[in-house]
Each structure stands twice: as structure tokens, then as C-alpha cells.
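Working notes, beginning with the structure itself.
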Amino acid sequence: MTLGPIMLDVVGTELTQEDIRRIRHPLVGGVILFARNFESPAQLKALTDSIHAVRQPPLLIAVDHEGGRVQRFREGFTRIPPMREFGKIWDEHPRKARQLAEEAGWIIAAELRAHGIDFSFTPVLDMDYGESQVIGDRAFHGDRQAINELAFSLMQGLKRGGMAAVGKHFPGHGYVVADSHVAIPVDERDFDQIASTDMQTFRQLIDDGIQAIMPAHVIYPKVDNKPAGFSERWLQKVLRQRLGFNGVIFSDDLSMEGAGVVGDVTQRALAALNAGCDMVLLCNQPDKADELLANLKWDIQAQSLARLARMHGGRHPSSMVALHEDPDFMHAVHRVGQVGKADGDLPFA
């Protein structure tokens, strides 16, 4: 059975029969995990093993594990600071900031891969304009050069740990105040303004080989009246053709308020897939998941399957014990653990 175009969540810390029924459906290609799915490192590894055992090829398993306030697994995992902290260091010590960002990426990937997670939806490539609370300290900086350097470093660290990177939220979510989880944000800038600022960070990371991108549930009415994640203009004409992106396009969560302008859950999924998404996410609404699985008609294209296959995690440590026996890894954990503390404590070794 090939991977399908839908990524769903599961209810709790172990699979229920309803979970298994859903993720066995041929339209499903992945599972996204949340904090409610985590009790302990051992339980998490058992859960991912059970998810991977349901299908061949195994389903993709993903998580939002950016650091700061968006880190789903905490006990037994290294606390990763918000990305803004690396930006603060970059202002004074760019080389050290790049080194620390790369180490943070390595830690994120290695720890998640040791627990059977294929990838995290990270890094955030949005610019920090100081207005968006939902982005806020999740962004590296307000300066494009800082974002480019730090995001590239984080991506290199993820790669070292066996994990692909997912840049978000194309073409930029940082300029709008509204939170697309609960509202429909509108960015009134014209295309040239966006292309010369926010979009440049995506262009650079695409040139650097980023493997996946997630578009924003933001409407840019001077470009298209649909949110970017449902816009063929943004995804095909700009992202694919103009920027030359050949990786995976993941929709943001179809249950978010910012997706509501498109219609019901099936209409949302169809709109995203037709616009150019390879895989759509639907989270926290099992009844809507059942509705989508019952009603969506979609034959996934060979090109999408090839892209998605590259999101499976690479080589990884057999366990956290093995990681903790690696002195280089533990030194990285110590250095990243100092980020965000008083300047005098920064690990400038």
C-alpha cells in the first residue's frame, strides 16, 4: 500500500482500534503527534513502533518540535530554547549563533529519531516584525540574513541527526497580527513587497536544498483571494515555478480557523491538494477525519509519492542511552542548554 495524501493524529498514548482503523485507510500517509500522545520516552517509542507496524511502507510520523513554547515532548528530552534566542546571539556573535543553531537542530533530530519520529515541522522562516504573537519568539529574527544563516545551520543539524527540514509558513506569516488558528489573517501587502522581504528567506532555503515547506493560512488579497495553502498561484506559479521548489508541500492544519473560508473539511482538502499540496494535515477532530476519509476522492500522483518518500527519517541512534554515551552530543546539549541564560553564561567555548 502506498502512502496517502492525508496526515492525521491519534487519540492518546497508545493506539485504539479507532486509530488503527483510520490510519490503515489508503488515503492516510502520516501521523502527527501532540503532547497528549506523550507520557514517557519508553511509551513514545512503543507508540511509534506500533504506528510503523500498521502499514508497509510505514506511515510518516511527524511532530511540531521547534523549541520554546512549541515543543511537544519535554520529560527526558532536551529543552530547546525559542529560536529568537539564537537571533539575539547572532546580533553579537554570528558564528557562535550559527554553531548553536546547528547543535540545536542535531539535538532535535537525534532525540526524535531515537524515538521513531521521522521529522519535525521546523524551522519557522517567518520574519519577526514584533506584531505577531502566534509567531513571536518562534521566529529567529527580523533580519533576513540572520534568518537565512540560522535556519540553514539548524537544517544542517537536522540533517546530521537523520531528519529533513520543513520551512514554514510560506510566503510569510510574521507580518499579520491575527492568529490563523482562531482567525483568518489578511496581509494587505502587494506581491513585490512580500517577494522582496519575507519570501526571500524561503528562496534562500530552497536554494540550500530544504526538503519541505508548509504554506500559511493567510490571505494575501493583492495576490489571491484564497489563503496561500489553497492557492494555485502561490503554490504552483510562485513556489514551484518561480522559486524552483521540488520538495514536499504540506498543508497547515485544515481544522484551523484560517482554513474555514474554503468550505467543509473535504472541500478544504481538495482545494489544498488541487492547489499543489502533496499532503494535508487534519488534527484534533476525529469525527472530521472520518468524514474526510469517507468523502475524499484523490489519486495521489507518483511525483508526490516520490517527494514524500524522502521524508522518512534517516539513520539514527538506537536509543537515548546511545546518544548520552556520545561526548560530542552531550557537549552540544550542555551548550544549547545555556542559551537564553545571562550573557555571561553563554557557552563561548
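For all residues, glycine too, the Cβ spot is worked out from N, Cα and C.
According to Swiss-Prot, the protein has these features:
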{"type": "BINDING", "residues": "ASP64, ARG72, ARG138, LYS168, HIS169", "note": "substrate binding site"}
{"type": "SITE", "residues": "ASP179", "note": "site 'Important for catalytic activity'"}
{"type": "ACT_SITE", "residues": "HIS181", "note": "active site, proton donor/acceptor"}
{"type": "ACT_SITE", "residues": "ASP252", "note": "active site, nucleophile"}
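Counted within 10 Å of its Cβ, the other Cβ atoms near ARG72 (substrate binding site) come to 20, all protein chains included. When each of the recorded positions ASP64, ASP252 is scored by how many other Cβ atoms sit within 10 Å of its Cβ, ASP64 comes out lowest.
Annotation note: ARG72 (substrate binding site) sits in a coil segment as assigned by DSSP. Following the DSSP three-state reduction, the secondary structure of ARG138 (substrate binding site) is helix. Here the C-alpha separation of HIS169 (substrate binding site) and ASP252 (active site, nucleophile) works out to 8 Å. Here ARG138 (substrate binding site) comes close to GLU66, GLY68, ARG69, VAL70, PRO82, MET83, ARG84, VAL124, ASP126: these same-chain residues lie at least six apart in sequence, with C-beta atoms under 8 angstroms from its C-beta. Counting Cβ atoms from all protein chains shown, LYS168 (substrate binding site) has 24 others lying within 10 Å of its own Cβ. The CA atom of LYS168 (substrate binding site) is located 9 Å away from the CA atom of ASP252 (active site, nucleophile).
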